[in-house]
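Below is one structure, written out as C-alpha cells, with a few remarks after it.
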Amino acid sequence: MALANEIMGSRLIFERSSSLASPFHSRFSIKKKTQRTQFSINPFDPRPMRAVNSSGVVAAISEDLVKTLRISTVGRKQEKEEEEEKSVKFKVRAVATVRNKNKEDFKETLVKHLDAFTDKIGRNVVLELMSTQVDPKTNEPKKSKAAVLKDWSKKSNSKAERVHYTAEFTVDSAFGSPGAITVTNKHQKEFFLESITIEGFACGPVHFPCNSWVQSQKDHPSKRILFTNQPYLPSETPSGLRTLREKELENLRGNGKGERKLSDRIYDYDVYNDIGNPDISRELARPTLGGREFPYPRRCRTGRSSTDTDMMSERRVEKPLPMYVPRDEQFEESKQNTFAACRLKAVLHNLIPSLKASILAEDFANFGEIDSLYKEGLLLKLGFQDDMFKKFPLPKIVTTLQKSSEGLLRYDTPKIVSKDKYAWLRDDEFARQAIAGINPVNIERVTSYPPVSNLDPEIYGPGLHSALTEDHIIGQLDGLTVQQALETNRLFMVDYHDIYLPFLDRINALDGRKAYATRTILFLTRLGTLKPIAIELSLPSQSSSNQKSKRVVTPPVDATSNWMWQLAKAHVGSNDAGVHQLVNHWLRTHACLEPFILAAHRQLSAMHPIFKLLDPHMRYTLEINAVARQTLISADGVIESCFTAGQYGLEISSAAYKNKWRFDMEGLPADLIRRGMAVPDPTQPHGLKLLVEDYPYANDGLLLWSAIQTWVRTYVERYYANSNLIQTDTELQAWYSESINVGHADHRDAEWWPKLSTVEDLVSVITTIIWLASAQHAALNFGQYPYGGYVPNRPPLMRRLIPDESDPEFTSFIEDPQKYFFSSMPSLLQTTKFMAVVDTLSTHSPDEEYIGERQQPSIWTGDAEIVDAFYGFSAEIGRIEKEIDKRNRDPSRRNRCGAGVLPYELMAPSSEPGVTCRGVPNSVSI
C-alpha cells in the first residue's frame, strides 16, 4: 500500500496542510485563512471550469511504471513492500523551451554552429532532477541520473522563436516529488531557458518557469539551480531544498569583490560615484551621491576600477559599451530593438539642428517655426535651399538621409497641440495640467496665506518671507475673502520656492541658464476647474542680479502684462519640468525602488511567495537605471544639457531625498492626505474625500490603488495566516531590513519607516512598491512627449529672466516681446534634443507587460488558487479601464473632457506599442 499511495498522489508536490477550508475550490490543499476575498472568483475567466476531485489527483503514470507494477504484482507477492518500493524505477520526460534570438551577428552564428557540432560528441546541455526529499544515506537531496537535452544539433538551424527540447530521467519510486533542477551548459554560447516541464510523475506535470539565461560552463562552472513554481515560505521549505535554497541566494549575493562581468548574476550595492568623468575634464567631475553630504539611494554595484584623478569616483563606461546589470535584468531582444530604433531616430533628429546651429541663428523666430517641426520636416523647417546645399558638402549627406528616411526626420505632433493649437496658452489649461498633466503630484492645498518657507533664515538670509499679499488675489476669488477661500478649501498652490532657492545663485551663474524659485496660487472655481491667480518669482536676497529678490505677477490686464504673464508661466513650467524629471520621476520611481529590487534578489528565494508576487514589477528596472546613469543623469548628459538646473540637478534631487522623501508617504492615499488634497472619510469608496472632486490623477489612481491593494491582501493572507508568520519569516525580514539599512542607508535611522510585523504592514509595504513601479511611474512618464514635446507648453529650461522697468533689457522686450519670449526659451538644438529624448522615454516597447498581465499566466505559481485570484485581478483591471474610458466621455468632468481638452488616459491600463499617452506597465521599464 505504501507504493500505491505514493503513486496515486497521496503525497503531492505541495507539502502543506491538508485543510480544505479554502474559498477557491482548489485542486490543492494549502493552509490559509478561511476568508473570502474579492478575487476568489473570476467571472471573466475564459478557461474551462475545473472538476473538483476531493479524493486526490489522478496521476499521470508512465508505461514503464505500469509494466513494473504488473510484474511485481504477479511474480513477487511474497516480497516486503519496502523491497518492492526500492526495485521500482520509471522514466519521466522533460520538455525544455529555449527562446532563440531573431537576429544573430556573425560571431554568434559561428559559435552556434560550433555548439551544434560539439553537441554530437558529448558537449551537451545536462539536466539533473532534484527531489524535495533528502536521501538518508547521503543526507543530500535525492537526485536523478543526469540527462541531456536531445536533438540540439538537429534543431540548431530552427528559425522558430521558441524551440522545444526533450530529455528523459530515470527515477525510482522513492524519489518523491521534484523540487529543483540543475542545468549545466557545456556549449560555448549562453541560451535563454524559458521553461521546463516534467511529465510522468503521479502528481501531474511539474512546471519550472525559468525565464533565465544559462551561461556556458567555461564562464560559470557551477550548475544553475532552478526551482519549481511551487511557493514555499522559508519555514516550509522541504528538507531536500533547504541547502539549494540558501546556495542559490549565496550565488546571487556574491562576495562584494572584483569587477562584474556582463554574464554575472550578482546583485550588490554601491553609491552613485560614476556620474562624472574627471579623467576627461575637471568640469565633468561630479560629487558622489550617497553619504552624509549628498544622501541618496544605493544603486547596483559594478566593481569597476576608480578613475585616475579621483579615487572615490568609478571609471565610466560610455556608449555603445553596455553597463553591467545582472544578466537576467538586461533588456530582451525586442526591447533592445525598440531602444535602438529610438536612438537612431534621436541621432537623425539632432543631426540637422546641429549643422544648422553652426551656420544660422539658434533661436526660433516665431511659433510657426516650431509648428513646422511637426508639419514639414526638419529640412523644410531649417530652410536649406538648393544654393545652400551647393555651399556646404555635409548637408548633401543630410539630403540623402531626408529622402531615405523622411519619417524619421519629422516629429509627431504632440497631443497638447493636436486638438487645439493654442490650448497651452490658456490659463485654465495651465492650471488643469497641475491635476491632469504629466506632473500632477506637486499641487497642494494652501493652509495659510501668504505661504511660509521652511528654509533656515540663518543660512538663506532674512528675506524668506513671501511677497504675496491679499491684494494680489482678492479680486480673483469670486467674491470670497482670502480667509473664506482658505476655510472652504478653494486655494491651492504649486510651490517650488524651497527646493530651488538654495541653488539659484549657482544655476543663474551658468551660461545660458536663468531660473526663479516659483510659487503659483490656484483658485478652485464653482465649476470644479482651477485658475491661476498669482505667480511669485523669487531670487536669493543676495543675488548678483539687478532685479528685486521677489516679485509677484498676476493675470494680465493689457498687452505688456500679457507677455509678462506668459513668461512667468514659462518659468513655472521650467521649475515644474525640473522637479518632475529629477525628483518625482527619476528619484521617486526609479532610484528609490532600486534598493528594494536588489534586496529582493539577494534575500528572497525565487521560491518565496513574496518574490513571485514582486517579480513582474522588477522587470528591466535595473537596466533602465543603468542606462540613465550612462546617458541621462551623467555629467553633460541629457538632463544637464536640457534642464535649467544643469549640473546641479542631481544635487536638487539629493536635497529632495534628504528633506522630502518618506517611504511611508509614497502610497497614493498617504500622499494625497499629506498634500492636503484629500481628507480621510470612511463613507467614501476609498476611505478618502478629494477636495478637488474632478482630480483625474487621483480619481483614476485610487481605482488602481484599490485594485492593487485588494490583490496584494488576497495574496498575502494566502500565505500568512497570522502576524507571527511574518515576524519569523527570515527571508522577508532580511529583505526589508537590507532595503532600509543598506539600500537606503542614509535614512536608516529615520523613525518614519513602517514596521513589518503584521499582515497589514506587509500589505501596505508591497502595495506601495507595486503602485510606484506601475501606476505612479506610468502617470509620470508616458505623457512626457504628448505634453512636453511642444516645448513652449513646459520648457525644460529658460535662458533669460523677466525684465522689469529698471532693467536695460526692458526696452528690447517692449519693442519685440515675441523675440524676447523665444530668446528665453530653449534654443533650436536644445529643443530638438529634448524632444528626441522625451519621445524615446514615452515609447512603449512591443514586449511591454501591463498591469494585470504576467508571463506564463497559468504557471507562474504552482498555487492554482492564486492563479485564479490573479485572473480575478486581471478582470478588475479590465473593469477599471472601461470606467476610465467612461469618465473621459463625461462632459461634467471638465478637467478631462471638453473642447480641445485632452482625455486623461495615463492610468488607462493597456496600450499599443509606441507613444500613446496611456498604458500602465507592471514595472519601471523605460
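Keep in mind that glycine also has a Cβ here, set from the backbone N, Cα and C atoms.
These numbers come from a predicted model, not from an experiment.
Look at Swiss-Prot and you will find 1-58 tagged as transit peptide, backed by sequence analysis.
Swiss-Prot lists 106-228 with the feature domain 'PLAT'. Helix, strand and coil counts under DSSP for the domain 'PLAT' (106-228) come to 15 helix, 59 strand, 49 coil.
Summarising the annotation, Swiss-Prot assigns domain 'Lipoxygenase' to 231-926 and lists sequence analysis as the type of evidence.
Taken from Swiss-Prot, the feature Fe cation binding site applies to His585, His590, His777, Asn781, Ile926, supported by sequence analysis. His777 (Fe cation binding site) counts 25 other C-beta atoms within 10 Å of its own C-beta, drawing on all protein chains shown.
Taken together, the residues of the domain 'PLAT' (106-228) have an average pLDDT of 93. Counting Cβ atoms from all protein chains shown, His590 (Fe cation binding site) has 23 others lying within 10 Å of its own Cβ. Here the Cβ of His585 (Fe cation binding site) has 23 other Cβ atoms within 10 Å, regardless of which shown protein chain they belong to. Secondary structure from DSSP puts Asn781 (Fe cation binding site) in a helix.
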